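Taken from TrEMBL as is:
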{"type": "TRANSMEM", "residues": "54-76", "note": "transmembrane segment"}
{"type": "DOMAIN", "residues": "54-435", "note": "domain 'Major facilitator superfamily (MFS) profile'"}
{"type": "TRANSMEM", "residues": "88-109", "note": "transmembrane segment"}
{"type": "TRANSMEM", "residues": "121-140", "note": "transmembrane segment"}
{"type": "TRANSMEM", "residues": "146-165", "note": "transmembrane segment"}
{"type": "TRANSMEM", "residues": "177-196", "note": "transmembrane segment"}
{"type": "TRANSMEM", "residues": "208-227", "note": "transmembrane segment"}
{"type": "TRANSMEM", "residues": "260-280", "note": "transmembrane segment"}
{"type": "TRANSMEM", "residues": "292-310", "note": "transmembrane segment"}
{"type": "TRANSMEM", "residues": "322-338", "note": "transmembrane segment"}
{"type": "TRANSMEM", "residues": "344-361", "note": "transmembrane segment"}
{"type": "TRANSMEM", "residues": "382-401", "note": "transmembrane segment"}
{"type": "TRANSMEM", "residues": "407-429", "note": "transmembrane segment"}
Amino acid sequence: MRIRFMFCQGSRAKWPNLILYGVFKNETKTPTGPNTVRRPMRLSQPLTPLERRAITGLGGIFALRLFGLFLIMPVFAVYAETLDGYDVALAGLALGIYGLTQGLLQIPFGRLSDRFGRKPVIAVGLLIFVAGSVVAALSTSLTGVMIGRALQGAGAIAAAVIAMLADLTRDSQRTKAMAVVGITVGASFVLSLMFAPLLDGLIGVRGIFWLTALLAVFAILVLFLWVPSSPAVPSPRLSGSIWQHIGVLLGNPSLWRLNLGIFFLHAALTSVFVVVPLALMHHAGLPTPSHWQVYLPVMLASAAVMLPLVLAAERWRRTREVFLAAVGLLVLSQILLAAGYQSFVVLAAALFVFFVGFNVLEAQLPSLVSRAAPASAKGLAIGIYSTFEFIGAFAGGAIGGQLHARLGMTAVFVFSAALMVLWWLLMVFSARRHFTPAI
């Protein structure tokens with residue numbers, strides 16, 4: 001199913017006005033019925049050399065940037081106590097303000113990438129990130145570090161990178177590409193947990209900030225020397241106020257379900273990890289420097305299960321069923337955590353179940369957004385999606401922290417389970433067309 005649009009020139013518009021032409025038009029006449037045998041969809045040829053370069057290059061940019069950011073997480077709380085003007089609340093704000101600025105600037109960066117091209121906008125975002133890292137490295141006060149962290153988040157390139165990946169991959173290969181990038185992000189998180197304490201001992205947190213700046217500079221080199229340029233096919237641009245187009249995209253039935261989904265997903269992720277490290281330390285008896293021994297096998301095993309599920313969903317046209325099953329796994333993981341977080345075995349099993357579902361959804365959601373968005377506003381649509389993602393993480397952390405302080409760990413897991421149940425109900429009643437290969 002594909003949305004059809006007609007473009008006509010407005011009297012005062014600099015670019016063509018976008019007018020909805022029809023609702024949905026069937027691209028393929030697939031017979032349906034109770035006796036219909038669902039044949040596997042032929043996945044296209046293997047990845048082309050250009051697609052391989054796009055996936056490895058853009059995935060590498062994501063990995064380099066996020067690895068630098070994640071390195072700060074396990075060591076910042078102790079470092080903050082050594083800074084001038086230390087305050088517990090301000091330290092939390094300094095750590096979390098990155099997500100706030102990142103979320104607020106996703107839409108502007110996505111829109112700018114539609115207008116001026118993906119590579120220039122990604123390069124500018126990485127330069128802003130470098131500036132923020134340098135400010136944080138040079139600062140001796142907590143306020144200065146907070147400004148640096150805000151600047152790091154202001155380089156909000158996620159939407160532009162995902163849009164460029166969609167530009168450079170065929171529709172049949174897009175979910176696979178998103179899955180590979182998702183795995184690199186997960187690998188960056190796991191590696192950062194392993195290396196952060198070691199690097200803190202060798203170069204200190206200031207040295208880690210300098211390292212993040214260096215990694216971002218290397219990412220710029222990867223962008224221009226390895227990543228192919230987006231196809232030089234002019235896409236129609238939207239005229240009028242950006243807020244009008246945001247309203248149109250938010251009203252798109254496919255997109256608003258996906259936007260709410262990524263909000264719920266990252267709210268649950270952040271709220272869970274407000275308390276899971278504490279459960280591992282206090283109930284499972286695992287000291288913080290050893291937590292990677294749980295996260296590493298869990299992430300590797302979940303990735304090994306996730307990739308076949310995603311590919312099977314594409315091949316057998318079962319995207320909707322696999323999607324709903326993944327949300328169901330998240331519900332199950334939260335029930336396990338709420339009932340048995342005091343047990344190491346239950347904790348490890350629940351985290352495995354959680355990351356299988358999480359990784360499947362992280363692979364499917366960006367692909368579905370890129371398919372549902374109009375070509376002229378793909379960057380803007382993904383910017384909105386990324387905004388929901390980061391604001392969801394911010395909300396999940398804030399609510400999870402409050403629940404933990406007032407009601408204990410179990411309340412956090414119940415909250416996350418409730419979010420997942422609400423999301424499952426929202427999606428189970430959505431039309432199958434929201435999951436088709438082309439929307």
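Cβ coordinates are placed from backbone N, Cα and C, and glycine is handled just like the others.
What you are looking at is a predicted structure, and each value in this text was computed from that prediction instead of being measured.
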> Same-chain Cβ contacts of the transmembrane segment (54-76) under 8 Å, 6 or more residues past its ends?
Replying inline: 47, 91, 94-95, 98, 122, 126, 129, 133, 152, 157-158, 161, 164-165, 168-169, 177, 180-181, 184-185, 187-189, 191-193, 195-197, 199-200, 205, 208-209, 211-213, 215-216, 218-219, 222-223, 226-228, 288
>> When you look at the transmembrane segment (177-196) alongside the transmembrane segment (344-361), do they share 3+ Cβ pairs under 8 Å, ignoring any pair fewer than 6 residues apart in sequence?
In response: yes
> Cβ pairs under 8 Å with the transmembrane segment (260-280): which stretch of 121-140, 177-196, 208-227, 322-338, 407-429 has the most?
Replying inline: 407-429
> Under a Cβ pair cut-off of under 8 Å, which of the recorded stretches 88-109, 121-140, 146-165 contacts the transmembrane segment (208-227) most often?
Replying inline: 121-140
> Mind checking which residues reach the transmembrane segment (88-109)? Cβ under 8 Å, same chain, six or more beyond either end.
Replying inline: 69, 72-73, 76-77, 80-81, 121, 125, 142-143, 145-146, 149-154, 156-160, 242, 246, 380, 383-384, 386-387, 389-391, 393-394, 397
> In the same chain, which residue numbers or ranges, 6 or more beyond the ends of the transmembrane segment (146-165), come under 8 angstroms Cβ to Cβ?
Replying inline: 54-55, 58, 61-62, 65, 69, 90, 93-95, 97-110, 112-114, 118-119, 121-122, 124-129, 131-137, 139, 174, 177-178, 181, 209, 212, 216, 227, 230, 366, 370, 378-379, 382-383, 385-386, 389
>> On the 0 to 100 pLDDT scale, where does the domain 'Major facilitator superfamily (MFS) profile' (54-435) sit on average?
In response: 84
>> Does the structure show the transmembrane segment (382-401) and the transmembrane segment (407-429) touching, where I'm treating 3 or more Cβ pairs under 8 angstroms (sequence separation 6 or more) as a contact?
In response: yes
